[in-house]
């Protein structure tokens with residue numbers, strides 16, 4: 001892709017192009033931040049009005065039954081399941097990634113303590129998203145025996161970090177900064193052969209790249225719905241537990257929604273035999289309902305078509321940045337190899353924050369991550385090839401003119 005006309009031609013031939021019309025994208029904006037917050041499905045506003053106006057406003061408490069609110073976490077989990085290689089009754093939409101990580105990690109450590117008490121080490125990456133590490137640190141601080149969080153600095157170091165004391169490997173499939181993607185089947189096999197349990201974080205994978213959790217024989221996973229799945233800001237996350245583990249994994253947040261019969265109101269907790277045991281308290285129905293609007297769009301295509309376009313978009317973006325912005329202090333930190341790349345492209349720049357603010361001011365929305373990382377997410381359901389061209393041209397002009405040096409672009413916002 002060497003001209004804007006070529007980009008437009010690619011858009012005309014794109015089989016996913018019609019899906020863009022199902023998103024409410026503002027005019028004059030090139031949105032390359034779907035890896036942080038997905039765009040709004042057009043159906044979401046009407047769905048919100050339906051839930052608030054009719055189901056809540058008119059149905060009131062009856063809607064737990066008549067509108068299917070009570071079954072929503074499991075029903076939507078079943079709809080999400082094919083996107084991550086899961087089966088029915090293995091996924092629940094609920095809580096946040098942080099809370100679901102706590103549940104699963106605690107359940108896995110408890111399981112190992114019963115069957116292999118010597119195993120007390122959690123292995124993860126130093127570059128993992130901080131909440132994963134914070135949750136592990138907080139959980140370790142609460143346990144009454146010596147546990148250890150062992151961090152590796154390179155994916156190649158994982159085999160050497162695993163030993164007969166390893167309980168769980170907690171790895172994020174696609175790195176949030178760089179977009180590096182692990183080989184899920186290979187990593188899972190390595191971890192399981194070492195006698196440890198494999199816990200995946202799919203925050204930057206679900207809806208972005210094909211995932212096959214059951215095919216990889218993973219032991220558990222968490223993910224969010226507000227990024228590539230377009231569930232809306234703060235939409236609930238998901239938890240996956242394969243059927244072979246569900247009865248054996250006992251999560252610590254034994255709230256009433258995880259009981260086998262919540263409305264029996266029994267004084268003693270008896271966990272649900274299926275994935276519902278990983279629920280805790282009353283669910284956020286309004287925000288959860290929005291998740292279905294994003295899943296409705298995914299039902300019109302498949303992850304292989306999405307992946308093909310994702311790679312084409314990121315290939316084009318990287319090539320254009322390196323040709324059109326040649327001579328600028330930009331360093332690609334995202335892998336070039338397709339099998340190691342998620343659905344983003346990240347570049348390091350000495351003044352990355354200021355450059356990104358200048359881009360946003362001109363309607364090209366990506367985001368910034370420390371240290372010095374310009375991060376661009378590509379969501380094939382609505383990102384066009386002409387967006388790639390126009391975004392790079394805007395970046396080139398900002399760098400050539402040093403427009404990023406304007407004082408207002410150095411002011412740090414609370415969210416970057």
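The backbone N, Cα and C atoms fix where each Cβ goes, and this holds for glycine too.
Note that the structure is predicted; figures quoted are calculated from it, not measured.
According to Swiss-Prot, the features are:
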BINDING   97, 98, 129, 130, 131, 132, 172, 201, 204, 226, 256, 282  pyridoxal 5'-phosphate binding site
MOD_RES   227  N6-(pyridoxal phosphate)lysine
Next item on the list: Which residue among the binding-site residues 131, 172 has the fewest other Cβ atoms within 10 Å of its Cβ, if you could check?
Entry: 131
Next item on the list: Round to a whole number and give the Cα-to-Cα distance in Å for the pair residue 204 (pyridoxal 5'-phosphate binding site) and residue 227 (N6-(pyridoxal phosphate)lysine).
Entry: 7
Next item on the list: Give the number of CB atoms, excluding that of residue 204 (pyridoxal 5'-phosphate binding site) itself, located within 10 Å of its CB.
Entry: 28
Margin query: Can you tell me how many other Cβ atoms are located within 10 Å of the Cβ belonging to residue 256 (pyridoxal 5'-phosphate binding site)?
Written below: 16
Notebook entry, point to check: If you measure residue 256 (pyridoxal 5'-phosphate binding site) to residue 227 (N6-(pyridoxal phosphate)lysine) at Cα, how many Å is it?
Noted result: 29
Note to self: Using the alpha carbons only, what distance in Å do you get between residue 131 (pyridoxal 5'-phosphate binding site) and the residue listed as 'N6-(pyridoxal phosphate)lysine' once rounded?
What the structure shows: 16
Next item on the list: Between residue 97 (pyridoxal 5'-phosphate binding site) and residue 227 (N6-(pyridoxal phosphate)lysine), find the distance joining the two CA atoms and give it rounded to the nearest Å.
Entry: 12
Next item on the list: Could you list the residues of the same chain, at least six apart in sequence, whose Cβ is under 8 A from the Cβ of the residue listed as 'N6-(pyridoxal phosphate)lysine'?
Entry: 34, 35, 36, 37, 38, 203, 204, 206, 207, 208, 377
Next item on the list: Would you count the other CB atoms within 10 A of the CB of residue 97 (pyridoxal 5'-phosphate binding site), including those on all shown protein chains?
Entry: 23
Next item on the list: For residue 129 (pyridoxal 5'-phosphate binding site), list the number of other Cβ atoms lying within 10 Å of its Cβ atom.
Entry: 18
Note to self: With the pyridoxal 5'-phosphate site defined by the record as 97, 98, 129, 130, 131, 132, 172, 201, 204, 226, 256, 282, how many Å span the farthest pair of C-alpha atoms?
What the structure shows: 30
